[in-house]
Amino acid sequence: MPSNKSVSDAPIVQFTNCRILRDHQLQREDLWVREGKILNPEKLFFDEKGSADVQLDCKDSIIAPGFIDVQINGGFGVDFSLATDDFKSGIDLVSQKILSHGVTSFCPTLVTSPPSVYHQVLPQITVRNGGAHGAGILGAHLEGPFISKEKKGAHPEHCLRTFEAGAFQDLLATYGSLDCVQIVTLAPEMRRSSEVIQELTKQGICVSLGHSVANLSQAEEAVQHGATFITHLFNAMLPFHHRDPGIVGLLTSDKIPAGRRVFYGMISDGIHTNPAALRIAHRAHPKGLVLVTDAIAGMGLAPGRHTLGQQVVEIDGLNTYIAGTKTLSGSVATMDTCVRHFQEATGCSVETALEAASLHPAQLLGIEHKKGTLNYDSDADFLMLNDSLYVQATYIAGEEVWRQDVSGM
């Protein structure tokens, strides 16, 4: 049998004394990593006769897949919906700073904006792997402008658009390019939305339903045409009604095509969704719940005035409002905070809370073969956490990219 050196000269790192989240369970076993991938130790021992080059004692930490944030509008003073000359340095700053909150991949999100903003910003967003420079970028999430005026939330009304005769061409003209786009949020009750959903789905783009007054049958029709996600459930949609539960009804609908799962985003920050609503959604459809931060530029900054695209927002504690109103406008919660609040509010298991921020968003985007799990051959993007789910260290491709400064605690 060949030695491990003949297969690869790359060093093998063995993480010991840890509990790994694998197959929905925390399992007391070691994690083996080589060349940025998770290794199967049995193959290593029996096929390669290999062994570890480095052993790291994890001191009984939990090891979980890195968090994936599919809806983040900015943070740390950076607003992804503002076309600036130094946009690239802004996105680099956010991707670096969110490592300390356990996010290893994200979808920079643009709220409803004029076409000129999309045309300037989207070419500057590049899909890239994470590393010491910051979390990986999976592609943009475009939330609007094809949304409902009645449920616009914090989106500027003068920038909202409808689909005209050449519906998909309207969308292309508005965005300029779909090269780096991963998710589009739209209101499914808009005329001609079905053909747009079908075309986006055909191009491998995830369609999300949100900022909408759709009834349940309109929402079900959108899912039958390919939509797979709901943008921040309960927020910016018709409230649940027992005779027509609206988009919320998708969680228990019997009209979902066989083999298809509808996922839904939840802002678990203690502000956007009452803990009881969080529990209702989770108990109705636990496998579809995806934690999102919906974070804005003010995340990580002191209270005061900040921006969200074309609007000025005020941060007051954990509340963020459009200036001069009581309209909620994104959140300032970090992903690790959302995970802890979700677990506390629902009483769910640690495994369930961690998978809502890792496995489920990966499944939504169809990347669960490489992200969101610690299965063999998947990317070695993972976190070390303590039992209270505070992040102690963040790894991307098996390399440590952030560690809690113990001396400063």
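Note that Cβ sites are derived from N, Cα and C of the backbone, with glycine treated the same way.
Caution: TrEMBL annotation is automatic and unverified by curators.
Note that this is a predicted model, so its numbers are computed, not measured.
Positions annotated as active site, proton donor/acceptor by TrEMBL: Asp294. In sequence order, Gln71, Ile72, Asn73, Thr109, His232, Gly265, Ile267, His272, Gly330, Ser331 are the residues near Asp294 (active site, proton donor/acceptor), counting only same-chain partners six or more apart with C-beta under 8 A.
What TrEMBL lists as Zn(2+) binding site is Glu143, His211, His232. Counting every protein chain shown, the Cβ of His232 (Zn(2+) binding site) has 25 other Cβ atoms within 10 Å.
Marked as substrate binding site by TrEMBL: Ala154, Asn235, Ala236, Arg243, His272, Leu328, Ser329, Gly330.
Computed over the domain 'Amidohydrolase-related' (62-401), the whole-number mean pLDDT of the model equals 96. According to TrEMBL, the feature domain 'Amidohydrolase-related' maps to 62-401.
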C-alpha of Leu328 (substrate binding site) to C-alpha of His211 (Zn(2+) binding site): distance in Å?
13
Number of Cβ atoms other than its own within 10 Å, given for Ala154 (substrate binding site):
24
Could you state the whole-number distance in Å separating the C-alpha atoms of Ala154 (substrate binding site) and His211 (Zn(2+) binding site)?
10
Report the member of His211, Arg243, His272 (the binding-site residues) whose C-beta atom has the most other C-beta atoms within 10 angstroms.
His211
Taking the Cβ of each of the binding-site residues and counting other Cβ atoms inside 10 Å, which one has the highest number: Leu328, Ser329, Gly330?
Gly330
Expressed to the nearest Å, what is the distance separating Ala236 (substrate binding site) and Glu143 (Zn(2+) binding site) at their Cα atoms?
12
